[in-house]
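**Student:** Structure incoming, see below.
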Amino acid sequence: MPGPCRPGLAHEASAEPEQEKRRHLPGTLRPLPGRSPLSAESPPASQCPVWRKPGQGVSLYIPQSAINATVEEDILLSVEYSCHGVPTIEWRYTSNWGVQKIVEWKPGTQANISQSHKDRVCTFDNGSIQLFSVGVRDSGYYVITVTESLGSSQFGTIVLHVSEILYEDLHFVAVFLAFLTAVAAMLISLMWVCNKCAYKFQRKRRHKLKESPSAGNWLGPG
């Protein structure tokens with residue numbers, strides 16, 4: 001049975017059974033072609049929630065249980081575990097659209113990735129996974145289950161919320177409003193000039209009409 005989470009996630013040799021194996025990074029990383037995986041190092045132990053079943057040898061550490069992201073971002077679902085032997089690691093995704101299996105593998109072997117997440121998942125030997133180019137539909141609960149060869153298991157949950165990039169929409173709206181304001185100002189100025197010209201034209205015409213009768217009286221009949 002491993003001891004509690006400590007800084008650096010390390011155990012003293014005297015307190016660790018010989019058959020217990022701890023999975024750390026760097027492990028065997030399986031990046032997809034053209035992708036650069038993020039670092040999966042765990043933070044200090046003070047940030048590590050621990051789920052542990054009494055009398056069983058599986059411990060699971062989740063540094064960040066809630067993640068906020070924006071669309072097209074690459075997300076690391078970081079975990080770390082300790083157990084007896086080589087375990088089976090499974091990730092499932094739960095959302096409003098149902099529950100689906102993402103990936104299942106044993107450290108050191110080829111990961112079995114579901115068709116829905118092909119070319120979008122990278123696995124780490126410490127149990128972490130990386131999701132590439134997430135979208136709004138990726139929001140939901142991600143459940144990891146670590147099962148050791150003796151049959152005991154442990155699970156943990158990470159909540160992911162993916163939102164749209166709002167600042168681009170706001171920028172477009174701001175530019176559009178500025179354009180409308182400029183057009184409105186130009187139209188108001190044009191209307192003012194036209195009104196001024198019409199007023200001067202009418203005044204000049206009235207002045208000519210007033211002068212016309214006096215001119216006729218002066219000349220008299222032919």
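Even glycines carry a Cβ here, placed using N, Cα and C.
Here's the feature list from TrEMBL:
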{"type": "DOMAIN", "residues": "64-163", "note": "domain 'Immunoglobulin'"}
{"type": "REGION", "residues": "1-49", "note": "region 'Disordered'"}
{"type": "TRANSMEM", "residues": "170-194", "note": "transmembrane segment"}
**Student:** Counting by DSSP, what is the helix, strand and coil composition of the domain 'Immunoglobulin' (64-163)?
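**Tutor:** Helix (H, G, I), strand (E, B), coil: 6 helix, 56 strand, 38 coil.
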**Student:** Can you work out the mean pLDDT of the predicted model over the domain 'Immunoglobulin' (64-163)?
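**Tutor:** Averaging the confidence scores along the domain 'Immunoglobulin' (64-163) gives 93.
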